[in-house]
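A.B. asks: Below you will find the structure I want to go over with you.
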Amino acid sequence: MSQEKQVFSIDLAGRQLTVETGQLAKQANGAVLVRYGDTAVLSTATASKEAKNVDFFPLTVNYEERLYAVGKIPGGFIKREGRPSEKAILASRLIDRPIRPLFADGFRNEVQVVSIVMSVDQDCSSEMAAMLGSSLALSISDIPFEGPIAGATVGRINGEFVINPTVEQQEQSDIHLVVAGTKDAINMVEAGADQVPEETMLEAIMFGHDEIKRLIAFQEEIVQAVGKEKSEVKLYEVDADLNQAVREMAEKDMHSAIQVHEKHAREDAINEVKKRVIEHYEAEEADADTLGQVNEILYKIVKEEVRRLITVEKIRPDGRKGDEIRPLASEVGILSRTHGSGLFTRGQTQALSICTLGALGDVQILDGLGVEESKRFMHHYNFPSFSVGETRPMRGPGRREIGHGALGERALEPVIPSEKDFPYTVRLVSEVLESNGSTSQASICGSTLAMMDAGVPLKAPVAGIAMGLVKSGEHYTILSDIQGMEDHLGDMDFKVAGTAQGVTALQMDIKIDGLSREILEEALQQAKIGRVHILNHMLSVIAEPRTELSAYAPKIITMTINPDKIRDVIGPSGKQINKIIEETGVKIDIEQDGTVFISSINQEMNDKAKKIIEDIVREVQVGEIYEGKVKRVEKFGAFVELFSGKDGLVHISELALERVGKVEDVVKIGDVITVKVIEIDKQGRVNLSRKVLLKEEQEKEAAKEEDKQEQQ
């Protein structure tokens, strides 16, 4: 690899993308600086010289955000970046997933790919720059990576597909798709959509793949110019004689154990075979390396037999047909004090989702490398160890939990009613109670049930299903509603969520080089059939959202005030609004256009707060009559409170019909009197009269008396 700085450029969606090599991070196995517009990402790849003594490929991908990239200084006392943001974690997963399948089986050297975001142009995706940079850093290095790969974001505006849409274009788009792959096939999909038909999603994926091919050709030119020769690495292999001996000892019994339909009984049967074989070699005092190889051989026996049964005999581990969905059971309203709850069970996978409604002030503020914005819909996913019958420390959410939560959020967001139609913040929490595959999709189904139970007026119910694939040469079998073993030992995990009308979210991960259009098309159509079946089941439990909210959910009333009056409601340093909140216990959120949201569990307090605000913003008109309380008495007259925050003066000459010597002779502080507005001067001061009303009353009485006399 040349140590001189070299620069390569290509046009990407009308903006220049530049790759620089040979100047930065030269001690890494591979390093590139990718500039896309004003976005700049440094991507590096390093690998250990020796293989690690582990039974998996130790790859770590880190997408590192630096706030200097957008000219910000971190908040807090420490003033430096802390733990990765949710966006950074999701970006790390996005890069990891298409890269991981492109390392050889048996490769055990530790590999770390790090992308540091150094400058951000909001219209030029730093995630896509990091994905390209990660692929290039590996490809030009001596690490035996079988890439390159590339990624592209695809939007659709007015029926036209757009590559790498700008922020403004994303707001208009009904598809938000990230697709990645090699020049020959697609190996990763992540998408959100607004109930888009399967055929359109497939076209969007293939449209993105056309751009991927162009970006890979660009990378191949760079590799040709500056790439290092790949290292010769010894791949992990088991001893041939040991392999034959273990297979003779275990294969027959393992084949029988695999065909036990119930998950735990099947696992017990498989573990019993493993235990017998391991104990045999332990009795022969086999060393740790030999025992490790024995475990590897036993794993391969299980994998090969499961795949053979599915592709050749068309038998799944639990006895189902390829397109068969496990038994479904659902229930709503099982938690009395929550605002809404839904329990969704599919075979041995179970999720309990809880919906909580809050005021608009409860929105989540997102402040990272992107434009600062708020989020009024949230979905969080928890995967406790008891869901798989295991024990482990209870810690915060990991990458997988954050990823599954984000997938559920993306699937449900298109059907959430607008703020205008439903002025609430909505938070969903999905607790996985049992796991045997497809828990993320169960959480989507449970969340739909919970929101319908809570009375959220969804545009349409959403269900999710996980599709699998087992491929052997040109032969393949697509599986609906995969369970844990099929996910673990198969070639694909393709999650599809949506309504009866179309797709709202996709996520695809594969363990092989890639998938053809034909397989993707078949998987999407089979997923649609399964999704509609699940939706019909859910609607048999609750046909439509409840018309009334829970008694324990906040009641929200909306009112509109003159925007010029907002400062009056807030008051100096928030004094006025805090007084209202303290007096009524409500939450108040005010938009710049003068829309006011008042929320509380107590409707009476909502009404009280509304009345106070109405009084504050009310405009006094000449001729209006008020019943007010005397707040202050002066020699020249009395000050009367017409309503909260608005006083007027009754001059001494306007207190009574007769001449008044002292104000106190007529009124005192605390008296409630009826007054009429007779003038509002240029300074906005309100002049009142009691005398005018007394005179009007006197004239009415005189007229009545006159009428009575005429009748006599």
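Each residue, glycine too, has its Cβ placed from N, Cα and C.
According to Swiss-Prot:
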type	residues	note
BINDING	Asp487, Asp493	Mg(2+) binding site
DOMAIN	554-613	domain 'KH'
DOMAIN	623-691	domain 'S1 motif'
A.B. asks: DSSP secondary structure for Asp487 (Mg(2+) binding site), reduced to helix/strand/coil, please.
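C.D. replies: It is helical.
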A.B. asks: Tally of helix, strand and coil residues over the domain 'S1 motif' (623-691) according to DSSP?
C.D. replies: 7 helix, 36 strand, 26 coil
A.B. asks: Between Asp487, Asp493, which of the binding-site residues has the fewest other CB atoms within 10 angstroms in the structure shown?
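C.D. replies: Least crowded of the binding-site residues Asp487, Asp493, by Cβ count within 10 Å, is Asp487.
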A.B. asks: Helix, strand, coil residue numbers for the domain 'KH' (554-613) per DSSP?
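C.D. replies: Breakdown, helix to coil: 32 helix, 16 strand, 12 coil.
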